[in-house]
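*Asks:* Handing you a structure now.
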Protein chains: 2
Amino acid sequence: MIKGFSAAAVAAGIRYEGRLDLGLIYSDTPAVAAGVFTTNRVKAAPVLLDMERLRHGRAQAILVNSGNANACTGDAGMQAALATSAMVADRLGIDADLVQVASTGVIGEPMSEEPFARAMDTLVGKLSSDGFDDLARAIMTTDTVPKTARTTIEVDGHEVNIFGVAKGAGMIMPDMATMLCFVLTDAQIVFPELRRMLVAGVEQSFNRITVDGDTSTNDSVLILANGAAGNPWIDEENRAAGELFAGALDTVLKDLALQIVADGEGATKLVTIRIVGARDFEGAMSAAQTIANSALVKTAFFGEDANWGRIIAALGRSDCPFSPDRVGIWFDEVQMVENGQGCGPEAEAAATRVLKKDRFTVTVDLYDGSESAEVYTCDFSLDYVKINADYRT
Amino acid sequence: MIKGFSAAAVAAGIRYEGRLDLGLIYSDTPAVAAGVFTTNRVKAAPVLLDMERLRHGRAQAILVNSGNANACTGDAGMQAALATSAMVADRLGIDADLVQVASTGVIGEPMSEEPFARAMDTLVGKLSSDGFDDLARAIMTTDTVPKTARTTIEVDGHEVNIFGVAKGAGMIMPDMATMLCFVLTDAQIVFPELRRMLVAGVEQSFNRITVDGDTSTNDSVLILANGAAGNPWIDEENRAAGELFAGALDTVLKDLALQIVADGEGATKLVTIRIVGARDFEGAMSAAQTIANSALVKTAFFGEDANWGRIIAALGRSDCPFSPDRVGIWFDEVQMVENGQGCGPEAEAAATRVLKKDRFTVTVDLYDGSESAEVYTCDFSLDYVKINADYRT
């Protein structure tokens, strides 16, 4: 239970009939709000509208649909975003500026307001503190499971709850991906701190995952903090409470990010790529991302093949400087490469056993410094191609 | 017939029995020689050795094997490269510095000299002007067809021939990829001109293709010009002959590069990505490469789905600046996007017919300048994953 929040979802027939595709989150009172959005140059209409409205740092409702991304839809798309948010505001009796909108689905299809208009009364009427499971389902596209996470902490004697819901399975890559995430908390927290913690948390979670190296036009992470917990304000001076809250927020964000990778389109394995011993952090991140996005590395994971040659080849085309004759590579605890060369058939047999697991870590030590970076990826399976060759048909 | 060159190939059992896997190219006289090699930080032993030996701009033989890349094999790998090239030099009675070596296959496996030693007499004994078809087969790994190209020009009254042979199907991406290419010509041409033309030709051919965005440790393009045509020397002063030769060389290189993409692992389509109207060339190349490497774009090609939203999303995460509301996209002659928005169901139906073809061009006009760039890619199919999940097993 996140005090003071309710949610609902309905099947509005936006793209398919009989499937939950329109959701609403509502806070009883205007909440402090912050957001992080796609870095793609092409931004969907709802992203542009949300960014504008969040300048005030306040929001009270989030209207979200699947089935249509409302991206590359021009002025008509922006009109649709404005009109549908006005419908919500009207029914709820709040200012339209307090309504955030989010869309996910196919890019470039005109966004009709009609399904929204027909469904709006039912949607608002269904708002309930039990509505979050439906909402988590309504935002799914190629996701196979709904994704939620929650945690409770005690801040200065007050129970504070954080709840997050997310969607995302393809077009996933550091810098956000086709993903939506809404975090709700009843904490009382000032806007600058909330925004700072969200940005830092996203950097360590959603910006560290990749499914296919593609980013999207619609990525959005929104957080609403309505203060219903009644805790003393978390602000710059209340450091202990701030750190406690930030840690809990990070946990929820990381939990959701890993759920997204594990549910990556066609994925059968969740793999952590960890670079250690790098000269600088940027190099470590480049190395981790290049390995995590290599089609050859990811298909080898799917084939349960400890093909470290592909890992070292990907490393070699990254922006990370290193000496090829120093590199060490481990699959979980099994060292497979030492000084840039293979450790032999026994190590390979042991590494192959690691690759049969659902989750494992590939560690690459560059022995060139003390910086490190981690990226979370999945394998690249036949089903990924099937899903993406058929998506619109 | 390329005057003064012979070739041979044998089944040496380097990785598999009974399969051509060791080849030799020989010039009757020392040839002017130049090379372009992988930009990957991890370079295989034969690449390092060739780079060193080509400082003299001369070569007379190329020893090439498939089945083992001799990469990440440390000092022993370099010893193997030296020893096997010495075997060739010994049998042919030439200086070992005139022997280039090239390897392709699995990375990180120790390279045994024994199969080379056993096969060497047979290999050298088989050298013949008819041996190039066997050689083209011996260098194949996941290639499904051998790749050769040839052209003949007349330089100052002399017939000059250019012949090229290449391999490559996966780990293909601008900046060279797992590919080998050997170009032989009987032209008489000075080293600086030969090297300049090779570098320029590779830039417009092999550096414009992509299969999977991965680059390798072994990429090499070598050219040997033995002068057997007896044409007056092509040098800086003989401009007309130089331009004629450079054009013919470009044709051979481009032909081989497109053969590689068309034979991309699992590929069913060859797609040209053309960016026009860009502010600068670097931006145009970044845009073309990002689209050409997008897993979502490539799976849509496989699904024959004119999903331009994925193209514009890939464009948006490239390093190319542009205005999303100006972009136009065409599939061959069919305009599908105008001013950043879809052109409707009729255009989509027409574009879908284009996608059913084996070869087509996607043109993106940014209406932001006059620079352009082209990259050649293929679709991303179920077979790509099958091939790469099973490669070593």
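Just so it is clear, glycine is given a Cβ too, placed from its N, Cα and C backbone atoms.
Annotation source TrEMBL lists active site, nucleophile at A:Thr178. Taken from TrEMBL, the feature substrate binding site applies to A:Thr141, A:Lys167, A:Thr178, A:Glu265, A:Asn388, A:Thr393.
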*Asks:* Quick one: of the binding-site residues A:Thr141, A:Glu265, A:Asn388, which have a CB under 8 A from chain B's CB atoms?
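*Replies:* Listed in sequence order, the binding-site residues near chain B are A:Asn388.
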*Asks:* Translate the DSSP assignment of A:Asn388 (substrate binding site) into the three-state scheme.
*Replies:* helix
*Asks:* Return the residues near A:Lys167 (substrate binding site) by Cβ distance under 8 Å, restricted to its own chain and a separation of at least 6 in sequence.
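*Replies:* Residues satisfying the criterion: A:Ser66, A:Thr104, A:Ala136, A:Ile139, A:Met140, A:Thr141, A:Asp143, A:Lys147, A:Met179, A:Leu180, A:Cys181, A:Ile260.
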*Asks:* Neighbour count first, Cβ atoms within 10 Å, every protein chain included; then name which of A:Thr141, A:Asn388 tops the list of binding-site residues.
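*Replies:* The most densely surrounded of these binding-site residues is A:Asn388.
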*Asks:* By the DSSP assignment reduced to helix, strand and coil, which category contains A:Thr141 (substrate binding site)?
*Replies:* coil
*Asks:* Validating a neighbour-count step here. Other CB atoms within 10 A of the CB of A:Glu265 (substrate binding site): how many?
*Replies:* 28
